[in-house]
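What Swiss-Prot says about this protein:
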REGION    1-26  region 'Disordered'
SIGNAL    1-43  signal peptide
COMPBIAS  9-23  compositional bias 'Pro residues'
DOMAIN    67-102  domain 'EF-hand'
CARBOHYD  Asn126  N-linked glycosylation site
CARBOHYD  Asn190  N-linked glycosylation site
CARBOHYD  Asn483  N-linked glycosylation site
CARBOHYD  Asn505  N-linked glycosylation site
CARBOHYD  Asn531  N-linked glycosylation site
Amino acid sequence: MGRARPGQRGPPSPGPAAQPPAPPRRRARSLALLGALLAAAAAAAVRVCARHAEAQAAARQELALKTLGTDGLFLFSSLDTDGDMYISPEEFKPIAEKLTGSCSVTQTGVQWCSHSSLQPQLPWLNUSSCLSLLRSTPAASCEEEELPPDPSEETLTIEARFQPLLPETMTKSKDGFLGVSRLALSGLRNWTAAASPSAVFATRHFQPFLPPPGQELGEPWWIIPSELSMFTGYLSNNRFYPPPPKGKEVIIHRLLSMFHPRPFVKTRFAPQGAVACLTAISDFYYTVMFRIHAEFQLSEPPDFPFWFSPAQFTGHIILSKDATHVRDFRLFVPNHRSLNVDMEWLYGASESSNMEVDIGYIPQMELEATGPSVPSVILDEDGSMIDSHLPSGEPLQFVFEEIKWQQELSWEEAARRLEVAMYPFKKVSYLPFTEAFDRAKAENKLVHSILLWGALDDQSCUGSGRTLRETVLESSPILTLLNESFISTWSLVKELEELQNNQENSSHQKLAGLHLEKYSFPVEMMICLPNGTVVHHINANYFLDITSVKPEEIESNLFSFSSTFEDPSTATYMQFLKEGLRRGLPLLQP
């Protein structure tokens, strides 16, 4: 077998084969590494773009501030709903609609004309404000267009009586309003007289006060229903101008506008609206008693909103069953308590801005008819117009028939029913402070007492008091136990301080002093013996804190939750009341 010559190829030898492809796992790692590198590069690019966009936005913001000033930027930002520092046609549409006379809600979700929106997107701007900011005279709402006057209808003249709030009754007056700027209170200080001392209304405007068909004497109905509750939240504080009134809201808005040009018929906090009941019925007439919760916003840009919330507006109207004649009308803020107005004002242009709160007293805020409604045009038997004045210049005097009432209800009972309609917790009778302890002695019961800064049963109440009355105090188990085992009362701190300083009655002094010793801001709930000794008490803020956590997180056995009730607040308040009974009942005189 010979050898091959040099350079001559032989058959292929079985030497090493060609390199095989890389294993799949190694390839996956390579791809993952490549993907990570690309992702990192993309993220870096995004960050660079974001920083660039932020820098551009900051530059635009700075330029806008320099060009428009603080107040102008505030207005611009409120319209710029997407925050891109440009006003698009859709964003400008509300202003355009107002300028062209349209009040329709836009299709972009801007709902500041809608009463169904509880959190408006533009919280301080609405249909009735856009043109007011651009012109010196506010535009009338499209909901308030007058019907053509009917010469045959009667008119009612109403006068406004107004005495401004007494600054010395405000809590912050005690330290000379230290830390409160004059600008913040300028709207309040400048409100010294009614906006319209007198106004004339057609009787048909009062049709919303007529009861629904078949309404019984003393049975409440809602003229304007409340749309808020603890579950819906509250309306924005950061608004200047009220939304256009609708339907039955219009007459309430017009009446309240006699006091101030910016009444809000729907309050920010529950209960809202207006409730009424019949207190007298005759063949041709009704007497209707009503209670209205409304408030006013006193500031205009560039100042921040200042809210003025009277305790309530109450009153009555006597009108014919077809609303063609009004015999009498009166509306007023009750002034029998030492404090009757809640005030809240913002220190910034956003919903999260700091807010100051105070309470005070307004001596008079009242509307009253000067007399019964009279015909707009007086005709004789032949249909000819008669001069409404005698030759001497004196106006003609009308003689009105006496109304014979067939059913009547007392003012006190009607007021109680309206109060319960607004505040279900008033299904328990809350007696005046000293009267409650007299009753407790007579019935040998403990006193359930609530001491607070603002009134528990009207709109001057403070935040934690509102929470209590809308949750635990109106719950069925609490109502039952309070009615069965306690005499209940609530009091203003200011009134007990006055009682404590009154030298004429030492027993009342002692009662007030025992309460004030246990009081902590803002609300204190107490269980007392008939002699005023406090056997148990809890602060509202602490109560709300412990009911906002899980039961197992509460260390105190005294305020532990019961498995009987699903609601932690109700369960805890029930434990508070029962502990008061456990401590107090053995100490009652047999």
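Cβ coordinates come from backbone N, Cα and C, glycine included.
For Asn190 (N-linked glycosylation site), other Cβ atoms within 10 Å of its Cβ number 11.
Once Cβ contacts within 10 Å are tallied over all protein chains shown, the glycosylation sites Asn483, Asn505, Asn531 are led by Asn531. In this structure, Asn531 (N-linked glycosylation site) belongs to neither helix nor strand by DSSP; it is coil. According to DSSP, Asn483 (N-linked glycosylation site) sits within a helical segment. For the pair formed by Asn531 (N-linked glycosylation site) and Asn483 (N-linked glycosylation site), distance between Cα atoms is given as 20 Å, rounded to the nearest Å. In this structure the alpha carbons, written CA, of Asn190 (N-linked glycosylation site) and Asn505 (N-linked glycosylation site) are 40 Å apart. Separation of the C-alpha atoms of Asn505 (N-linked glycosylation site) and Asn483 (N-linked glycosylation site): 29 Å, rounded to the nearest whole number. Look at Asn190 (N-linked glycosylation site): DSSP puts it in a helix. Per-residue pLDDT, averaged across the domain 'EF-hand' (67-102), gives 64.
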